[in-house]
Amino acid sequence: MSSTRYIRLASIAAAAVLALLPLVLGNFGLGLMNDIGIGAMIALGLVMLTGVGGVTSFGQAAFVGIAAYSTAWLTSAHAVSPWLGLAFALLMTGGAALIIGMLTLRLGNHYLPISTIAWGLSVPLVLSNMDGLGRHTGMGNIKAVELAGVSLASSGAMYYLIWGALGLVYLFSSNLLQSRQGRAMRSLRGGSSLLASVGADSYHLRLKLFVYAALLAGLAGWLYAHNNRFVSPSSFDVRASIDYLLMGVVGGLLQLPGALVGSAIVILMRNTLQDILPHLSSRGAQMEVIVFSLLFLLLLHRARAGLCGYVLKLAGHYRRALSPAGLETDADVRPLERRRQPAAGKTILTANQVVKRFGGLVAVNEVGFEIHAGDIVGLIGPNGAGKSTMFNLLTGAARLTSGSVSFMDRDVTKMSQRDIAQLGMARTFQHVKLRPQMSLLDNVALGAHGRTSRGLVAAGLCLDREEERRIFHEARVQLARVGLAGREHELAGSLPLGTQRMLEIARSLMSDPVMLVLDEPAAGLRHAEKQVLAELLKQLRSDGVTIMIVEHDMDFVMNLVDRLVVMNFGSKLMEGNPAAVRRDSKVQAAYLGAAA
Ligand SMILES: Nc1ncnc2c1ncn2[C@@H]1O[C@H](COP(=O)(O)OP(=O)(O)OP(=O)(O)O)[C@@H](O)[C@H]1O
């Protein structure tokens, strides 16, 4: 049985068991299940935000509080329908998350998690000081939800509402992760330069995840308010936020089921401890904190990926589980649209008097050259000549001090790396940047981000399948082009360096580039791997792809390129075909002579 079929059957069985549970559970059991469902929904947001997006939040309970108070205020003080309360709660939570996210998500390092503590502390403080919201006492008499005239006041009715909503958001999240946006989101943890090179914007991806996680917390807050029919600020303080984070860590922040497992473990454990500890000590509440702290430490030592991660690892599927297989595609799938490629020989890139200073050091000094469509051009020079700096200036990864660069008839001097990528400049990295936990197919599919468009909502609702089929069809074509056909489902992290470089090139080709810019592609490769790479690049040239290559390996470059630009001490030493460069005495003195 295929793993997809197995997962589908297991999900149907789990749904059936959950649907029948109220028949055997009493009120207490249903209350616990409702708490687990609400906790799982908040932890699901954290799996998306922290596990996928790499943003640690200590303030998620604040969003739960904003939503719970919004609906409590509207339905108890103004007697409106809880369904209007839901719309208002989501609006308030989403709006708050958007503002907080825009203010904090650009903060790097540890500043971001610290800032989450700040709003995690301040929201309950504000709630507990507002007269209209009952100050420290909170608000009661919250209306029960009604559905088609039927009151959902009982625990059993709320159980179906909570778990039904959880099922829907779980499905939405799962669809999202296996989409164009989801691939980019799953790549966030490895830094922003790879994403920029495929035309994706890390900041906006993080912001979307942040708002999404807050909306899940908001939905949970609404359910909490109408399940308990009472809200107070203490339920939404930083301690509650840490509890939700603990649920994610215990269950596993890297898998969606981790949210469910974590919520169940933490809530059931807390309940059991609250029964047992008072019999053992008069300081039961403090003991509970200690037990949870010990659990946290144990997990960090023994199972950092949480219980789900641990079990999957034992089952040997851990790495594959992070890497959805990608859609199967038919031969008759409509290919992705191609851009109009420039005519052979047309000037596609012009560097004009480019200067880059680092303080007093002039790394690139008034360098200029042109690149014509269909050529392979090499940028060479001894160590410290300024090649990498020039590479960064051309691709938009660094800003020029003066001079200009035009690409495809556009002045790109001040353009972002992402916008230059969108114009058709694809790059690879000196230190290969792949997503090791993702399949080859997913890694390559990521390269099409800038030429496809379906967004988060379409992905969550599965309205992007046609585009996904086209992406995966193209990804298979590009994998075959670099000699990796049939290896689609292997993990990128398991490949040797030479194959990883091929994979990077396949990813670059996914953007349908006008020009491929390769940063030391032969570095670290064995002789045979270099030969395979050179053959591939020659094949790409004959397919009409323009290539610029920064390289140290003279033999590799000389046998490959049409033209060379030689740099030394930041300046252009000469430009010409390989034979002319080989003959040039200045080059021999500066570089080739040293290498001979
Ligand atoms: N971010 C930076 N800050 C300060 N100096 C820098 C920076 N980046 C590069 N340099 C300096 O600029 C000069 C050119 O460096 P660059 O890395 O571009 O040379 P390169 O030709 O690529 O060298 P290599 O072949 O060794 O990679 C060097 O002296 C380097 O120390």
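Glycine too: its Cβ is placed from the backbone N, Cα and C atoms.
Annotation source TrEMBL lists domain 'ABC transporter' at 349-594.
A Cβ distance under 8 Å defines the sequence-distant neighbours of the transmembrane segment (36-55), meaning residues of its chain 6+ beyond its ends; these are 61, 64, 105, 112, 159, 162-163, 165-166, 169-170, 173, 176-177, 185-186, 188-189, 205-206, 209-210, 212-217, 219-220, 223-224, 227, 243-245, 247-248, 251-256, 258-260, 262-264, 266-268. What TrEMBL records for 36-55 (among others) is transmembrane segment.
Annotation source TrEMBL lists transmembrane segment at 86-105 (among others).
According to TrEMBL, the transmembrane segment annotation covers 157-177 (among others). Beyond its flanks by at least six residues, the transmembrane segment (157-177) meets 15, 18, 21-22, 30, 33-34, 37-38, 40-41, 44, 47-48, 52, 145, 147, 150-151, 185-186, 212, 216, 219, 223, 226-227, 256, 260, 324, 456, 459-462 of its own chain at Cβ-Cβ distances under 8 Å.
Sequence-distant neighbours of the transmembrane segment (209-225) (same chain, 6+ residues past either end, Cβ-Cβ under 8 Å): 37-39, 41-42, 44-46, 48-49, 52-53, 55, 57, 60-61, 63-72, 82, 85-86, 89-90, 92-94, 96-98, 100-101, 105, 142, 158, 161-162, 165, 169, 176, 185, 188, 231, 235-236, 456. Positions annotated as transmembrane segment by TrEMBL: 209-225 (among others).
Residues annotated as transmembrane segment in TrEMBL: 245-268 (among others).
As annotated by TrEMBL, transmembrane segment applies to 289-312 (among others).
Here the transmembrane segment (86-105) has long-range neighbours at 55, 63, 66-68, 70-71, 74, 112, 115-116, 119, 203, 206-207, 210-211, 213-215, 217-219, 221-222, 225, meaning same-chain residues at least 6 beyond its ends whose C-beta is under 8 angstroms from one of its own.
Mean model confidence of the domain 'ABC transporter' (349-594) amounts to 91 (pLDDT, 0 to 100 scale).
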